Amino acid sequence: MATELQCPDSMPCHNQQVNSASTPSPEQLRPGDLILDHAGGNRASRAKVILLTGYAHSSLPAELDSGACGGSSLNSEGNSGSGDSSSYDAPAGNSFLEDCELSRQIGAQLKLLPMNDQIRELQTIIRDKTASRGDFMFSADRLIRLVVEEGLNQLPYKECMVTTPTGYKYEGVKFEKGNCGVSIMRSGEAMEQGLRDCCRSIRIGKILIQSDEETQRAKVYYAKFPPDIYRRKVLLMYPILSTGNTVIEAVKVLIEHGVQPSVIILLSLFSTPHGAKSIIQEFPEITILTTEVHPVAPTHFGQKYFGTD
């Protein structure tokens, strides 16, 4: 099961103890820290998601600089083809309590895969600039498969009865009909095979969003969906969430085709805090499923996956 972000009901005073041996003391907390308790009781299954809302642009890692990210255009080929590629400046001046309040608002919508060493290794290889393209693609496909599997777990099932080869009646479940996938080109297409490996007959639509050369605003260049998409639940595939702008435009197009945000599940590998917040603030009913929330997004994903780096 995916894990929801949670914040404490209130911040402890400087002279109060936190009633958990695994929770950092108030002195150890930094503005913007969110404590995430994954499913499982052992120490290895616990992780901290750091929302670095106090960083100014000048103190961000070099990877967040617009030059390092390859420019500020949305979904441009020059910036890894990951689409959501405008440079990310973490908002400054927000307090921890403000982040907690926001996390309460999005807690049920932002879901994280439970962290373990396997997922952590895959994330590490994907972020490693020295990784070969073969290792990168292998690790990316594995991580995509894990995200897709959990995404399918968010879809509705219904009970059914089957008969085994020995004549035994077995009570099980099966998918309710009416699901589809939509990939945001180009990087979202990397996730299509993972979805087809799990659902051989699922229908997949596509949408292409790029920045306008004159206005630099996101513009929809192509959209093709199943004709009855308004009756389906949608797995929206986009591996890297940086600013969230591309996904916001894609959801607007889906809404124009009759899709309700409440039936959209966004499948992502990596997200920045700003990207997740922007999407949820725009569409509070959408569900975001990702493996990591981190201020540095691996925006090279699309270029390296498709061999255009």
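Note: Cβ is positioned from N, Cα and C throughout, glycine not excepted.
GTP is bound by ARG133, ARG142, GLU176, LYS177, GLY178, ASN179, ARG232 in Swiss-Prot, and the record lists one more residue there from ARG200, ARG203, which is ARG203.
It is 1-38, from the ranges 1-38, 77-114, that Swiss-Prot records as region 'Disordered'. Spacing of HIS300 (uracil binding site) relative to PRO239 (5-phospho-alpha-D-ribose 1-diphosphate binding site) is 11 Å (Cα to Cα, whole number). Among the binding-site residues listed (ARG186, PRO239, LEU241, ASN245, PHE301), PRO239 has its Cα nearest to the Cα of LYS177 (GTP binding site). Note on proximity: among ARG186, LEU241, THR299, the binding-site residues of the record, the Cα nearest ARG133 (GTP binding site) is that of THR299. Here the C-alpha separation of PHE301 (uracil binding site) and THR243 (5-phospho-alpha-D-ribose 1-diphosphate binding site) works out to 15 Å. With respect to ASN245 (5-phospho-alpha-D-ribose 1-diphosphate binding site), the closest of these binding-site residues in Cα terms is THR299, chosen from GLY178, ASN179, ARG203, ARG232, THR299. Residue pair THR243 (5-phospho-alpha-D-ribose 1-diphosphate binding site) / THR299 (uracil binding site) shows a Cα separation of 11 Å.
Looking only at Cα atoms, ASN179 (GTP binding site) sits nearest to PRO239 among the binding-site residues PRO239, LEU241, THR299.
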